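Undergrad: When I checked Swiss-Prot for this same protein, it listed these features:
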SITE      Tyr13  site 'Important for substrate specificity'
ACT_SITE  Asp82  active site, proton acceptor
SITE      Gln83  site 'Important for substrate specificity'
SITE      Glu167  site 'Important for substrate specificity'
Amino acid sequence: MKTTLILASTSPYRQQLLQKLTPNFTCVSPEVDETPLADETAQALVVRLAQAKAIAGAERYLAELGLSNLHTAAEALVIGSDQVAVIDGAIIGKPLTQANAINQLQQASGKAITFYTGLAVYNSHSHKMTCEIVPFTVHFRTLSLAQITYYVETELPLYCAGSFKSEGLGIALFERLEGDDPNTLIGLPLIALIDMLAEHGETVLS
């Protein structure tokens, strides 16, 4: 890749995923308020936050270069991503506490839960923004409270939407998965990202 690549995320999971495509990127913290707006749908929320994170990441990159505004910024492609889960029509986010994680998994037990990941790529110089919503459905096993409690205490998925880490023991919670890209569930849909980078004139294969 010729253009500087910025990941607007401090998530170690997203960093590990992006490293599958290239080791040459910089991470910045986007510092975006993730509170949903009144009556905002899951799809609208993840698009708004992914775009906001990409722009905030560009601004942080600009500040680190010592530049005064985006119009004078060196060219970079900034990746923003956000994910929420929907259970029984309600948006759920990161549980933050063990009690909330146990409650989320009790709600999910025996059900199909859809995750929506918003992915944005923003050019810091031209201001071109591309964005996509990538859905992924998880079919949960019917889980006992003892199983859920054991899982939460073992893996502590407190900062994961849906209260699990699919790249770890969380895979044991699932009956089956539905989606085009399993990386989506971890937080960064790589197949979609490759296509979006191509829209900005970049390829990961050279």
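The backbone N, Cα and C atoms fix where each Cβ goes, glycine too.
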Undergrad: Among the recorded positions Asp82, Gln83, Glu167, whose Cα is within 10 A of the Cα of Tyr13 (site 'Important for substrate specificity')?
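TA: Cα filter at 10 Å returns Glu167.
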Undergrad: Per residue, counting other C-beta atoms within 10 angstroms of the C-beta, which of the recorded positions Tyr13, Asp82 reaches the highest number?
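TA: Max Cβ neighbours within 10 Å, all protein chains included: Asp82.
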Undergrad: Using a 10 Å cut-off on CB atoms, tell me which of the recorded sites Gln83, Glu167 is the least crowded.
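TA: So among Gln83, Glu167, the recorded sites given, the one with the fewest Cβ atoms within 10 Å is Glu167.
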Undergrad: Just to verify a number: CA distance, Glu167 (site 'Important for substrate specificity') to Gln83 (site 'Important for substrate specificity'), in angstrom, no decimals.
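TA: Spelling it out, the Cα of Glu167 (site 'Important for substrate specificity') and the Cα of Gln83 (site 'Important for substrate specificity') are 16 Å apart.
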